[in-house]
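According to TrEMBL, the protein carries these features:
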- C:12-31: transmembrane segment (TRANSMEM)
- C:43-62: transmembrane segment (TRANSMEM)
- C:113-134: transmembrane segment (TRANSMEM)
- C:146-164: transmembrane segment (TRANSMEM)
- C:195-214: transmembrane segment (TRANSMEM)
- C:235-266: transmembrane segment (TRANSMEM)
- C:278-304: transmembrane segment (TRANSMEM)
- C:316-334: transmembrane segment (TRANSMEM)
């Protein structure tokens, strides 16, 4: 690409936005779980995978339309998240490294459980014909479905921001994050806040999974493809919603531009190295969660 | 000329000035109490001296050497020991091991790989364990100590470090009356061999240990002198002692 | 001291370690099946990896999910060393896979691998150096806990991606399979014979003794202290970042040694050795066996890998399910793993009535786990 | 046989014995290499495929079709009256396990031959043990070549056979400009090197070449580059889950199959079924076998296989058929070895391999039609065919090679030499064994 033609580059930027939205929607559940509960959830990829399988199962058995599969996936995966939080995570809140490992165990169980139920051959989620085309926006071209993902991501970010910054629940969450004991003395049940947040985070992963199942493929191992990126978004962002939005935007664009200039594989390597260097200077990420000092 | 000189220290977080032109001279072998109302910047000053935070401007000089830019461990190696407000000990290690770690004559990791107990450790352990009354508790895991014992353990650890200057942040917080009595005796003993800076709220306690009292207010130096002088200083009365305390 | 937990008695620990060494050294006397001997040797390597995880995670509190970096890089170095042994500088100067990737000369960074000694040395030194650099970067910036874990994982992915992309130099996803076994001083080391087994066994014993002594040194004590409270250690005058880098690099060196020996046994390396699953698997071995016990971690690796080989076929599809569930149970109820269970049992025995239970000092019994074990 | 090597091994273990202990209770060198067969006993073969994990998708089918073929052979009297007994293991999609299980099968189970592997990486992982034990591997799928070992037989197409007809066909029917897309590993790159030669011969023009990470499902950047390059068709060597993502995103991004079809080497019946036929329809595949091949042998094979207990997935596939063939190549090889020695107890793995040069699987057995094994490099002579995916997911055969295409693992590396039965002979005349 030696030509000075601006269009392909602009196209790469538009595409970067789409990649960013995919990484962001993969990371958003992880962000609120890490930001609020402080748990690094290694089973997040499998929550995504469960979302995809939920949509697949509902669609193939009940014939549920795709757009209804999204909230259904949210509900089902949120329920799974709730069970895992109640049954396991809540006992490990003051052992952050152990939660990381326990959730890795959970991910093995979920992955293999799904494999036993659905088999390891790939599945497929159907979407309305209208999503199967592309639109030209001046110089750039993007598929309708990517725009759908972008829109849903924006919607979810807005809804999450509203939930965490404009509602009574959000106030409780922030109170618990600031000081659990103090919040308790105001009658806020930290336990319930954690539980709810974890379930919501899991549910959002479920929504992401339904979308990814359409973009690519439904497989028991599909979650692992997204989870490292999602983690990097959270780490770079520092665990706040704003941080993740910014981090996803930056990394998505960089990936797209690097891929445009070199190739996809090398782009990924460059991105990872850049992130390590970045963390050298901002070890707590772009917008860090405030942590109590001694 | 003091052993530790703080010159025109400034520190701000975001737009808030926490330390605002604070200066202080600490004389060798005295016990200096740092007092002031909440938010006066006492703990931040401790943080700045020990390198936990870096000042926006100003300098800290230890025996003629500027230590402002040094990192925590370098400052500690030069002989400034610190006891935290919330006692910080290694809860998973035994009391003896806590003391062992604190005996930091040798900090080079490679040399420490090759040796188990450095010279002079046993004698020092004996001395400090007796002093802190933990002699019978050496094999106990530190996490199982009572709150008072934990305070003593941390003080003991700072002593093992053999620092020229000890910084104690509210050393008697949470102690029982008898433990406080013991601490008073202990500190008065200690100031014969060490220089101490103590942050404390309890004026009764201050009265019994302090050689010099320095009052901070709004991040700046307000007054310094013997406690009796300070108590009579009208400015101090106004900002600090004038409040319910006296 | 009569009621002290036997688990914390140093002589008892060394006795158990000694017994373990004797048992593994005697295995070839009873096993003549080349397959089994090779398999046991491979388990020994997994044991070394678990031990390296135990050192940096159990003792140093640094959860490293990217141990495959050292293992994999060293394995590539060793594989190239063995590959070059089968090449001839004059008539056959570059490996077939490079020829197929249109390389005409051996790239400069593979040149030293003409020499067996040089190759093995580089295989050990390069990964260790990388750990020093990466560790210094991260620990100076005080990246710790889960953040470090995630960064090590990301770094692992980055390396795997790079090796895949550098196909002309690494043969990409297909990896390198040297056509003949390692030859040292003119002797082929048959991967299925007792010599190979003993080399691995000797390596395992050496690193275990070394690691055990290390954890009992002052350095080991400082490492364990900073696991609980790095800030406190800093204020005692220790350069925490340097200590963390040291233990991280030592653990990396052990993993690199394991990588070299592994290729000696398997004659193969591919980017799969830098798979996240494999690296996290090492953490699972150490976690189940007991991260605070070197021997526990080693036995954890034996247990899980043995289970995978022998129970796995019976369970087939449910193996991962069983492993995952088992791991969850261990993390939830036995944070110190199976070794921690033993510690508890011995502790309870020591508290038996009639033995002067020192009820005033329950802590002395339930014990300081930190003194090495 | 290889006496010097054996002696060396013996020496090394003796040396170790001398170092380690005064007694000679140590095992010395192992018994004779390779397995032997016993009169009146079943012939043990190993099936080394993944039954769990990611690779189970293609490999579970391989195991099933192998069992089907073995049943079929046994039903018809086995080989010289001996039934074949498969030893089935699960490689768990883990290359470490491939290596471990290969050792178990060869050294402990003493199987006479191994059938296994799908990816080149797993093949490379087990080749060291196959070669050092002088065993025999039947590798039943397409691969890149550039390998010359004395212990393998392959029944799939090599890179030099696979796309030979596809590229000229596409250039002729759709236009000169082509964009290469592949997964980032060895086989796609080697395939593309061959494809470039056919492309040049056909007068085509390469307008772009991209590789995406294995397993990646993000094709946005690549499709962007394709959009800019405006090729007439796409030549794809994307594999696995990525391939499905590629076809789906191709359609979602508004690319039209009529004006820019994908010509693939891997997107067969099973892949199409997984992605949904609507995403596969109209694209092309080159393979030696399609389920829809209209010949009596294939029709019988499809019918019998699908109704057998092994046909649960509901389709046949080029990869399955190549695996099926490998069982018959083995049968023919063993029969040839028996003809040579007359005594089944003298047959070794290596002997089977050495006499397999030229063995044929005839029209009445081979669903894809006659194939035979090359006497130099022990790959297969076969006829690649081109199929176009239809709306129902089946393939319509649009072209078939007139002649069998010769396999040549070093066709694009003439400087490396020529693969012969005894090793790779370099241009300077030196011969080297087991070049991998």
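Here the Cβ of each residue, glycine as well, is placed from N, Cα and C on the backbone.
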Proximity of the transmembrane segment (C:195-214) to the transmembrane segment (C:278-304), 3+ C-beta pairs under 8 angstroms: yes
Long-range environment of the transmembrane segment (C:146-164) - Cβ separation under 8 angstroms, sequence gap at least 6: 62-69, 72-73, 76, 134, 138, 170, 172-173, 271, 274-276, 279
Any contact, the transmembrane segment (C:113-134) to the transmembrane segment (C:235-266), with at least 3 Cβ pairs under 8 A: yes
Dominant neighbour of the transmembrane segment (C:12-31) in C:43-62, C:235-266, C:278-304, C:316-334, by Cβ pairs under 8 Å: C:278-304
Contact call for the transmembrane segment (C:43-62) against the transmembrane segment (C:316-334), three or more Cβ pairs under 8 Å: no
Long-range Cβ neighbours of the transmembrane segment (C:278-304) (under 8 Å; 6 or more residues past either end): 16-17, 20, 43, 46-55, 57-59, 63-68, 71, 153, 156, 204, 208, 211-212, 215, 272, 323, 326-327, 330-331, 336-340, 342, 369-370, 373
For the transmembrane segment (C:316-334), sequence-distant contacts whose Cβ falls under 8 Å of one of its Cβ atoms, 6 or more beyond its ends: 284, 287-288, 304, 307-308, 340-341
